[in-house]
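Working notes, beginning with the structure itself.
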Amino acid sequence: MKGFKLGLLSAALVMAGGSANLSAAMIKTPLYMNYADSGVNVEQRLKFAGKSKYKITVPLEKGTYKVQISDEGLQCGLRFGPAEESKLRFSKPHDLSNCAEERYYELKILFAGNYELILDNSDADKPTLQVSRKAQASTFKRKPPAVDCIAWDGQPVTVDVSSTFKNGQTVKDFYSGQTQKVANGKVTMQPDPASGGILLLEAADAKASEFSWDNASVYFIMTDRFNNGDTSNDYPLNRKADGKQEIGTFQGGDFSGITAKLDYIKDLGMNAIWVTPIVEQIHGFVGGGDKGSFPFYGYHGYWALDFTKIDPNLGSEEDFGRFVDEAHKRGIRVLVDVVVNHVGYPTMDDMQTFGINAMAPGAPVPEKWTDWQPDFDKGHNWHRYNNFIRWSSSEWVDNWWGPDWVRSGMAGYTAPGGDDITMNLAGLPDLLTESTKHVGLPPILKNKKDTKAVEREGYTVLDYLVEWHTNWVRDYGIDGFRADTVKHVEPEVWAKLKDAATDALAEWKSKNPEKAIDDKPFWMVGEVWHHGAYRDFYFDNGMDSLINFEYAGDSAALKGSQCLAQNEKMYASYAKDINSDPTFNLLTYISSHDTKLFYSNYEDLPLQAGAGTALLMMPGGVQLYYGDESGRPRGPQSDAFDSPTRSFMNWEQIAKEADRQALVKHWQTVGQFRDRHVAIGAGEHNKISDQPYAFSRTKGDDKVVVVFAGIKQ
């Protein structure tokens with residue numbers, strides 16, 4: 001988890017709650033088309049056109065429309081319409097009021113087509129709006145930069161496989177299913193039309209390899225955004241939809257939904273699933289983004305309130321146990337995301353629920369505090385509620401987490417430091433994992449009737465956290481952890497957690513031999529922000545692998561997706577470094593919840609297929625972020641930069657669109673080939689030829705050859 005830009009507990013909890021700056025000609029808040037009958041259309045956003053002008057081209061059918069230009073919150077100062085209702089005539093500027101309230105321009109369309117509207121705010125005191133008909137809609141699709149690559153004429157490809165397969169041995173292209181005997185050390189085959197010019201060669205009688213974490217294929221799921229398997233748990237704990245873009249609200253995904261899609265995940269060749277944190281989150285919302293443009297709940301799982309309970313939005317403990325058991329039956333391991341660095345922000349709902357009486361007298365809040373909404377007409381936003389709370393009240397010491405448990409910017413607490421370990425990451429309360437003080441339960445859990453947390457004699461903060469996290473392993477047989485914010489916690493903490501989790505999994509397997517998927521020990525992969533492809537001290541402190549930011553972070557993933565041969569240097573170096581050291585591994589990705597979706601760069605399905613080939617041939621472990629395989633589109637833009645990466649899984653597109661189905665099929669085929677052959681992730685890499693580009697991977701008796709014919713001319 002990269003830090004969310006909220007800053008709620010830092011800088012003396014100063015919040016941006018004021019109205020828009022109306023004097024500036026430059027408008028930084030997104031503006032959209034606003035229709036009297038249907039409201040703000042966030043799909044129709046105006047683009048900056050230079051010199052304080054903003055424009056949009058919209059398709060309109062014949063008819064009469066009542067229109068404004070406004071921000072999503074309909075703030076006075078950003079709601080542009082007529083001073084008095086009037087008609088909007090073509091090709092002439094019309095004066096605007098920036099606080100038009102319910103006054104709209106009437107736009108009469110006689111011919112269906114594309115129409116351009118330009119808002120000119122060069123003079124902020126006299127903004128204007130002009131409309132004109134466009135002869136043809138402007139359709140621009142961004143293209144990736146060209147790369148040097150070998151050319152292919154579309155004909156059958158001959159490749160020398162003598163270093164891998166024997167003369168007379170029957171070789172199979174896993175992609176197309178065609179077979180051929182090796183003659184004079186060579187085979188000649190026609191790449192499948194859907195393959196992008198690749199051959200995936202194995203011995204025709206090859207048996208699938210035994211699972212190894214060195215060849216892990218991990219499917220990463222943000223549980224709330226994947227699949228809704230049980231609508232009865234969509235809005236517990238006073239949580240609700242916002243009725244707008246639902247950027248920061250729970251959207252219904254749950255463990256039952258994942259269980260229903262396990263066969264889909266298995267068909268992708270995935271042998272492990274990583275789910276975002278499962279524990280109970282803060283109940284209420286905070287202001288989302290720098291400008292507080294939406295209510296932000298802990299749907300993602302990184303804002304814990306109770307580490308001993310499953311968050312009810314995700315389902316019950318029975319639902320979770322069923323998910324783990326069904327995954328294991330299919331040969332899929334389960335990794336759970338864990339957070340040891342911090343807990344969640346304070347919210348109005350949690351204050352009221354757990355008796356933190358720090359609301360200012362006379363605060364303009366409803367009887368149920370979590371029902372509060374900002375007054376958008378006054379320019380307020382979702383950060384505004386912070387102005388009603390007495391942050392210096394002793395209630396925060398007595399009834400929240402308490403100064404023995406966290407450091408924060410509030411009175412009575414240890415102030416955050418200036419380094420990675422002691423900082424309040426994104427203003428989040430920092431758990432005192434380094435403390436040697438023996439402590440009881442934090443006040444908020446003492447006041448929580450349904451917690452399973454038990455006060456222990458002689459326990460430190462870290463002792464509690466280790467027990468709480470490893471109890472999930474002991475109870476359900478979780479196979480591993482993905483550790484969040486690793487560099488913000490003392491390294492020895494991770495070693496202690498790993499040792500305890502290893503013991504817990506061994507205990508579970510001894511008690512549940514009929515459920516145990518294998519006899520492998522507990523596995524842990526860590527997120528160290530911007531860590532690349534090198535080994536360091538984290539591997540001596542509990543980590544079996546680290547997430548590799550290098551491949552997705554520069555141009556390598558893009559180049560390799562266009563031309564597989566571009567990955568040769570990285571394939572060779574990764575295979576050498578990773579597979580020559582049994583204590584070193586990486587988990588490489590192209591998309592994540594903290595950075596970007598690879599697909600969103602160019603929205604190009606053939607490029608996305610190439611990305612699948614390039615990633616799945618990577619040495620070490622690989623991570624697919626849900627929807628990589630289907631070209632999942634990004635979600636609505638907001639002032640929280642990472643929110644578009646958390647869109648709901650595009651099941652409807654997959655069901656209806658043949659090209660999406662073909663894309664998924666491609667990822668399935670290459671993913672299954674990887675899963676069959678441990679040599680791909682854990683084997684020795686040798687380049688065979690430049691044209692066609694071909695390489696072998698070998699580990700013991702497991703041998704494959706991968707061929708890329710080139711870009712078809």
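Each residue, glycine too, has its Cβ placed from N, Cα and C.
The shown structure was predicted, so the numbers you read here are calculated from the model rather than taken from an experiment.
Listed features, source TrEMBL:
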ACT_SITE  ASP484  active site, nucleophile
ACT_SITE  GLU527  active site, proton donor
BINDING   ASN341, HIS488  Ca(2+) binding site
DISULFID  CYS149-CYS563  disulfide bond
DOMAIN    220-674  domain 'Glycosyl hydrolase family 13 catalytic'
SIGNAL    1-24  signal peptide
SITE      ASP594  site 'Transition state stabilizer'
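Overlay of TrEMBL annotations on the structure.
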{"residue": "CYS149", "record": "disulfide bond", "DSSP class": "coil"}
{"residue": "ASN341", "record": "Ca(2+) binding site", "DSSP class": "coil"}
{"residue": "ASP484", "record": "active site, nucleophile", "DSSP class": "coil"}
{"residue": "GLU527", "record": "active site, proton donor", "DSSP class": "coil"}
{"residue": "CYS563", "record": "disulfide bond", "DSSP class": "coil"}
{"residue": "ASP594", "record": "site 'Transition state stabilizer'", "DSSP class": "coil"}
Discussion item. Applying a 10 Å Cβ distance cut-off over all chains shown, what neighbour count does HIS488 (Ca(2+) binding site) have?
Written reply: 24
Practice prompt. Measuring C-alpha to C-alpha, could you say which of the recorded positions CYS149, ASN341, ASP484, CYS563, ASP594 are within 10 Å of the residue listed as 'active site, proton donor'?
Written response: ASP484
Worksheet item: Which of these recorded positions is closest to ASN341 (Ca(2+) binding site) if you go by CA atoms: CYS149, ASP484, CYS563, ASP594?
Response: ASP484
Worksheet item: Counting all other Cβ atoms within 10 Å across every protein chain shown, which of the disulfide-bonded residues CYS149, CYS563 scores highest?
Response: CYS563
Worksheet item: Which of these recorded positions is closest to CYS149 (disulfide bond) if you go by CA atoms: ASP484, HIS488, ASP594?
Response: ASP594
Discussion item. Considering Cα atoms only, can you say which of ASP484, HIS488, CYS563 is the nearest neighbour of ASP594 (site 'Transition state stabilizer') among these recorded positions?
Written reply: ASP484
Worksheet item: Could you tell me the C-alpha distance between CYS563 (disulfide bond) and the residue listed as 'active site, nucleophile' in angstrom, no decimals?
Response: 33
